[in-house]
Amino acid sequence: MNAIPRQKLVVIGNGMAGMRTVEELLKLAPARFDITVFGAEPHPNYNRIMLSSVLAGEKQVDDIIINTLDWYRDNGITLHTGNPVMSMDPAAKTVTAASGLVVPYDRLLLATGSKPLMPPLPGLDLPGVVAFRDIADVEKMLDAADKKQRAVVIGGGLLGLEAAWGLRRRGMPTAVVHLMDTLMERQLDVEAGHLLQKDLTERGLHFFMGGQTEEVVGTSRAEGLKLTDGRTVPADLVVVAIGIRPNVDLAKSAGLDVNRGIVVGDDMKTSDDAVYSVGECVEHRGQVFGLVAPLWEQAKVCAASLAGDPDAIYVTPALSTRLKITGIDVFSAGQLAAQDEADEELIYRDSAKGIYKKLVLRDSKVVGAVMYGDVADGAWYFQLIREKADVAEMRDRMIFGQAYADVSCKGKGGVDVAAMSDDAQVCGCNGVSKGAIVKAITEKGLTSLDEVKAHTKASASCGQCASVVQAILAHTTGEVVEAKAAGMCGCTDLSHDAVRHEIIAQKLKTMDAVRGALGWHNHDGCAKCRPALNYYLLCAWPAEYVDDGQSRFINERVHANIQKDGTYSVIPRMWGGLTTPSELRAIADVADKFKIPTVKVTGGQRIDLLGVKKEQLPEVWADLNKAGLVSGHGYAKGLRTVKTCVGSEWCRFGTQDSTGLGVKLEKLMWGSWTPHKVKLAVSGCPRNCAEASIKDIGIICVEAGYDILVGGNGGIELRGTDYLTRVATEDEVLEYSGAIMQIYREEARYLERTAPWVERVGMDYVKKRILDDESGRKAAYARFLHSQKYAQIDPWAERVAGVDAHQFKTLAEVE
C-alpha cells in the first residue's frame, strides 16, 4: 500500500502563535506535512511576552527560547531565520523570501504578528528612539542602560510599564509619559491605577500623567520629549510603547480579505481556503487580539483544521491580565466597572496594606474583576467569569476570597482546583491547562513545583500562576506543597535562588553590597549565609571577586580536613588515581619526617596522611610541592576525585582509555569551587569497576564512545545516576561534563549535591540545557573554562609562600 504523500505547509512567521500551531499539528498529524518556516528575526522561536524579564535582568535571552534550533531539526522542519517573506502568490501557491528563495505550498499559515504603533511625531526617526517588540529592541535598550543614560517611555499601559520598570532595574533614571490620567486604563479602574502609580513612584519611576507628546527633541539623536502643555522630559533613550496593530501588509498585497486584521473564519481559514492565519495579525468576528491566551486557543483550532478536523471551531475566550513587575501584584479580567443599573460592584479596600479588590456582578454572575496587592483569588474569579457561574449564595462573602465564600475550600484559601475543569487554562504565558499539569504529575511522578515547571512550562515564565500550580500539585499528589521558598537564613527572607538572581541582576560584587542592596536584617550576616554568599559571588564574578576566607568553614580556611583530635589530614592530588614511584617516595619521606601516625589509601584512589598538626601543615605542603604534588581538595566544596579503572591500556575488557580520560577530566576541573563536593569516575567498560553510576558525573566507556551519567550519590542517601547521552569523542566528554559542572555551579543552592539538584530541576531540564541547546551548552562550557583561569591555583603553594601565615601559628602561652 502506497503511503499518502506529504503536503507542503509553509509558515510565514516564526513567533509564538505560528510555532504553537506547528507544535499542536505535530501532535495531531506528524506525517501530514513537510513544514517550512520563515522568520524575520535571526532567532528561533522565543517567548515574546518575557522580553520585559530579559530587560529587567530577571532572565537571559536563552531562558526565553521556546523551540531551540535542534527542535526544528528533530521535527524535520526547515527553518529560514532572518529571511522574511516579501510576497505571496495565492494563484501559483508560492511565497518569495527576501533572499529571492521561492517556495511552493499546498497550505499556507500566516502568523505575521503585529507592528508597534508609532505616532506621527517630529523626531521619531532620530537615533535613540526604539519600540519594544523584539530582542533587537531590548539589546538597544540594554546598551543605553550600560551607559547609564536617562530614559523616557511613551505609554503607561501594560507594555510601557514593564519596559519602564526593566530600564529602572538596570539603573536608568526613567520617566513615563501617559496620555490618560490612569495607568493601564484598559485593564484597571481609577482606584487600582492610582495605587499602581503610587507604588511605582516609590520604586523610582517618574510619571507625566495626561501628557501628550508633541515631538522628540534633538539634533543628531534623541535628547528628550516636548509635551503639548509645554512640559519637557530630558532623555537619551525614548521607548515608544503605546500599542500594536496587526501586520496585514503581506495578506493585503495578496488580495486576501483584510479589515483591521486578516479576516478569518471560525476554522481559522482566510478568504483563501488554502491560507490560514493565527495570532496578533488576525481579525475574528470583528475582534483583534493583543494578549497571549486567545493565541493559544487559535493555534489548537488551526492545527485541528489543518489536520482535517471539520468540527474545529474557534471561540474567543474570556481574557485576564497580569502585570509582570517583581513585587507588584495586579490582576484584571472582564468588565472593569458597572455599566448600567443592572450591574453591581463589590469593593474591598485596605489602604494600609495597599490592597484593593473589585468584583462586577450582573444577574448574580461575575462579569469583571480588578485586584491590586492581593491577587491570590484571581484564578478563582476568572474561573467564575469563564463559567458564568451563579454566585447568589456566596455573594456577601466572595469579595474576601474563595476561602470565605466557598465551603469546598475548607478554609485553606486559594483556588479550588478540584472544581476546575481539565481544560481550564492555568498558565497564560505558555498556554498550559489544568489537565496537562495533572497528566504530567500522574504519568511522570512529579512531586515539586520545579519538576512541574520543567515538564509542562507552567509557571516557568512570569511565575504568577505558581500558587495555582502548587495547589494542583498538592491536590493531585495528596501532599502539602510548600508555597514559598524558605529564606537563606534568619538574616533575610530571600531564598537562595532569589539572592543568586539579584547578584547578577543588580551586579552586586561584594558581600556588603549584597547585604545592603537586599536588606539583610543582620548586616554582618551569619555562619549560614556568609559561606553561601561567598560562593555565589565567587561563581558569578570569578575574575573580580576576592575570596573571603573568613566566610569559609575551617577545613576550607586551612585547606585540610580537621579530625576529632584537632589534627588534620593531608591528601595530595593524584590525577585519575595515577601516581609514580617518586611521588610515593616523597609521601613516605613526609610521613617519616613529620612522624605522621597514619597513612591511608582512600576510596577515591589517593593517599591520606592523617594526624598532621596545624602548625606543621605549611612544611608538609612545601615538601609535597617539591615533588610536584598539589592539593587534592579533599576538604573542599569542589572537585574531589576522578576515579578510574585501568581501561583499554591494560584490561582485556576495556573499550577505551578510561585512565587517560580521567586524567584529562581532573586536569580540566581541579580547583573549581562548587555548591558541594563533586566526584567523578570513568569506567573503561560497562562492568563499571570505577563505580561511575553513583558519581556526580560518571563516564562509562563503550565500543561506540562514551555514556555520560549525571546526579549519582554514594553517601547516606544512595542514588544511582541518570543517563544523559552517548558521545563519540573525548573532547565531547570534556565539553559536556564542563557544561554540566558550570550549570550546576550557577544554579544549584549552596550545600546542594548534584543528586538532589537533578531531582529538583528534573532530568528533562538537564537534557534541555545540555542536549537540546547546543549554543547554550557551549556557552556554559566557555564560562567554566573562563572561571578555571582564576580557580586553578594550588592553595598549598600559596600558603607555603606566606599567604594566611597567621592561620598556622600557635599562640604563645602567657603566664
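Positions of Cβ are set from backbone N, Cα and C atoms, glycine also.
Bear in mind that TrEMBL entries carry predicted annotations, made automatically and left uncurated.
When secondary structure is read from DSSP and collapsed to three states, Cys689 ([4Fe-4S] cluster binding site) falls in the coil class. If you look up TrEMBL, you'll see Cys645, Cys651, Cys685, Cys689 marked as [4Fe-4S] cluster binding site.
According to TrEMBL, the feature siroheme binding site maps to Cys689. In sequence order, Cys645, Ser683 make up the list of same-chain residues 6 or more apart from Cys689 ([4Fe-4S] cluster binding site) whose Cβ falls under 8 Å from its Cβ.
Sequence annotations record features per position, and here TrEMBL assigns domain 'FAD/NAD(P)-binding' to 8-286. Mean per-residue pLDDT, taken over the domain 'FAD/NAD(P)-binding' (8-286), amounts to 94.
TrEMBL lists 320-388 with the feature domain 'NADH-rubredoxin oxidoreductase C-terminal'. Counting residues per DSSP class in helix, strand and coil order gives 10 helix, 34 strand, 25 coil for the domain 'NADH-rubredoxin oxidoreductase C-terminal' (320-388).
What TrEMBL lists as domain 'BFD-like [2Fe-2S]-binding' is 426-474 (among others).
According to TrEMBL, the domain 'BFD-like [2Fe-2S]-binding' annotation covers 488-537 (among others).
The domain 'Nitrite/Sulfite reductase ferredoxin-like' annotation in TrEMBL covers 563-626.
Annotation source TrEMBL lists domain 'Nitrite/sulphite reductase 4Fe-4S' at 636-774.
Fewest other C-beta atoms within 10 Å: among the binding-site residues Cys645, Cys651, Cys685, that description fits Cys651. For the recorded [4Fe-4S] cluster site, residues Cys645, Cys651, Cys685, Cys689 set the reference point as the centre of their Cβ atoms, and the other residues of that chain within 8 Å of it by Cβ are Val646, Gly647, Phe653, Gly654, Ser658, Ser683, Gly684, Arg687, Asn688, Ala690.
Remark: the domain 'FAD/NAD(P)-binding' (8-286) contacts the domain 'Nitrite/sulphite reductase 4Fe-4S' (636-774), by the rule of 3 or more CB pairs under 8 A. Sorting the domain 'Nitrite/Sulfite reductase ferredoxin-like' (563-626) by DSSP state (H, G, I as helix; E, B as strand; all else coil) yields 29 helix, 14 strand, 21 coil. Here the domain 'BFD-like [2Fe-2S]-binding' (488-537) is broken down by DSSP into helix, strand and coil counts: 26 helix, 2 strand, 22 coil.
Counting residues of the domain 'Nitrite/sulphite reductase 4Fe-4S' (636-774) by DSSP class, helix then strand then coil, yields 55 helix, 34 strand, 50 coil.
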